[in-house]
Each structure stands twice: as structure tokens, then as C-alpha cells.
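Features of the protein shown, as given by TrEMBL:
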type	residues	note
SIGNAL	1-19	signal peptide
DOMAIN	5-324	domain 'FAD dependent oxidoreductase'
BINDING	43, 44, 166	FAD binding site
BINDING	223, 278	D-dopa binding site
């Protein structure tokens, strides 16, 4: 069999990191990324990029923890390197606060982040509306820098990137041996996945360089996430809402909620509003599939449906998707050697 040709559809954080993992685990492949949008116009560019996992009800916890741990370990190494500022990756400490003590005082990821502990009474005085809290240090990926850094790594590895709208996976079968579907919400049309639904997120990016600590309300709806240059204020989770237009009433509501957690934000300047549709499912779709049409077979790997938690698990799911691509290559080599017999 000649050099296996792999097409990765989608250029958000999942598509780019999956393409990178494929080049690392299957160096003999020829990898191409196809997407109708690249940074700064992807859903990933709107994301806050904080590594605080969102739970997927349909995915076993041990698997979610493994994905998170692999992602944290990978990004922690970058944060500790000369690449950190270019990649937009940095450590940030802060608090997750609750109005009532949660049932689960130790989330499954508590031993992956750094220094996880209950907040002291003195710390809780900063949040008079809240009765319980957790303090820890985690990582943040700033976008677009992180996506541009991934693109740079891909180009250095010989990966080609083309702007192309893929309407059907079958249109790629004559050019590629394996197709990796990282289309995010685009998978709704691309493979007709009815389990995929949008959760609209509206966030504000503000200039407030004095804010150094993250603050997250326990329900995950209100948060203050400081980046290298701007602070992300959120947010909304509007299920089945398709609107990409900013709503002024929502902007005011987000700003007011964040100011109630961090009153110094009233002085924030240069407020920019961003909206994205999170590609959500009960569980991430991470699986291999062989499509068949008129006796022709197409090897496909799916890696999409990460919802609001994509950044927290992106490297872990990309590694698993790359292993599945390895299985596809083995299957193709097996069938081509059988054909020679």
C-alpha cells in the first residue's frame, strides 16, 4: 500500500490537535486538514480555553479523567517551556464558589489540577453570597494564539491545510484513504447526527489587567477567566439556540453577574462581545466506522461533540482518535496484502 492519505475535516481545537497527534503517531501518513473556517473564525476562537472539565453524562468518568489528565500534562509541559507565550498557555489560580455545598466536594479531576483544596473562611469573605468554595491552579489556552501555534506545528510537520466546505464524507473517498470527522457542529449536516445540538454561548472579552485570579460560580454559568491580554467574562448556556448575533440584554446580564463576583470589573475597558455554538452531545462521539457504498468502503474516524468542555479534553481525545486512525491503516494494509494474494 502507498503512503496512507488522511483527511481531517475541521480546524477548531479538536481538528488541529487530532491532525497533530496523527502526524506524531503515524509519521508515514500524508495528512491534510480541510475546513470552511480557520482561526480566528472557528467556534474554538470564542471559547475561554480554561481547563475545568464539564461532565459528559454518556461517557464513563474514568475515560473523561484520562482525557483530561493527558490534556493537562501536555499543556503543562508547554506552559513550562519557551513556547508558552507564543502558544498562549499559562497557569492561573483561583476559586470555584458555591451558594450551597455541592454533593460532590471532590470532583473527579481534583487530583489532576494543582493544589486543589477547600477555601478558607478568610477567602470566602470575598464572596459573601457563597457558602463553600474550592481553590486550585489550572491551565488556560488563549485563542487564537493556541490555534495558530497548532497550525504552525502542523505546517512544520508537512501537513497541508485547505479552505474547503465538505458537504459529504463520500466526496473525499477518491482522494483519501481515511477521513477523520472533527467537524464539531458541522457534523449535524455532514453525517446527519440527530444527537448533536447547539448550546449557544455568549461571552465578553474585556481589558482588565489587574484581574489575576479566575472565579467560577459552581453552576459554571458565571465566570471570570483572566488571559494573557484580556479577561473572558461569561456566560450563557442556551440549548437549541442557533443565533450568532450578540444580544445587548445578555451582555448587560453577563457583565452585572461578573461584577457581583469581582466588583473591580466595573472599571473594565474595551468590551468585545463574542458568540459561539458549542457542538453538544450526551457523550463525545469518538469511534471508528467503515462506510460502504456500492461495494466501495471508506474508513472514517469520528471525534466531535465536545460541547463546552473541548479544551479540557482536546489532547486526550485527539490521541485516542489518532490510535483509531492507526487501526484504520492496519486494516487497509491487511486488505491490500490479502488482495495481492
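Placed from the backbone N, Cα and C atoms, the Cβ positions cover glycine too.
What TrEMBL annotates, mapped onto the structure for a quick look.
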residue: 43; record: FAD binding site; CB count, 10 Å: 25
residue: 44; record: FAD binding site; CB count, 10 Å: 30
residue: 166; record: FAD binding site; CB count, 10 Å: 20
residue: 223; record: D-dopa binding site; CB count, 10 Å: 24
residue: 278; record: D-dopa binding site; CB count, 10 Å: 24
CA pair residue 43 (FAD binding site) / residue 223 (D-dopa binding site), Å rounded to integer, equals 19
Here the Cα-Cα span from residue 223 (D-dopa binding site) to residue 44 (FAD binding site), rounded to a whole number of angstrom, reaches 17
Span of the recorded FAD site, as the biggest CA-CA distance among 43, 44, 166 in Å, is 19
